[in-house]
């Protein structure tokens with residue numbers, strides 16, 4: 001998977017934003 005870290009780990013289909021991990 002292409003998980004990102006933005007305060008917490010965030011894996012598709014969720015995505016990182018300036019507010020943290022968001023759902024699509």
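Counting begins at 1 with the first residue displayed.
Quick reminder: no glycine exception, Cβ is built from N, Cα and C everywhere.
The shown structure was predicted, so the numbers you read here are calculated from the model rather than taken from an experiment.
Among the features that Swiss-Prot reports, disulfide bond is placed at 3-11, 6-16, 10-21, with the record citing similarity to another entry. Swiss-Prot lists 24 with the feature proline amide, giving experimental evidence as the kind of evidence.
Sequence-distant contacts of residue 21 (disulfide bond), defined as residues of its own chain at least six apart whose C-beta falls under 8 angstroms from its C-beta, comprise 6, 7, 8, 9, 10, 14, 15. Within 10 Å of its Cβ, the residue among the disulfide-bonded residues 6, 10, 11, 16 with the fewest other Cβ atoms is 11. Comparing residue 3 (disulfide bond) with residue 16 (disulfide bond), their Cα atoms are 9 Å apart once rounded. Between the C-alpha atoms of residue 16 (disulfide bond) and the residue listed as 'proline amide', the distance comes to 10 Å.
Counting other C-beta atoms within 10 Å of each candidate's C-beta, the recorded positions 3, 24 are led by 3.
Residue 11 (disulfide bond) and the residue listed as 'proline amide' are 11 Å apart (CA-CA, integer value).
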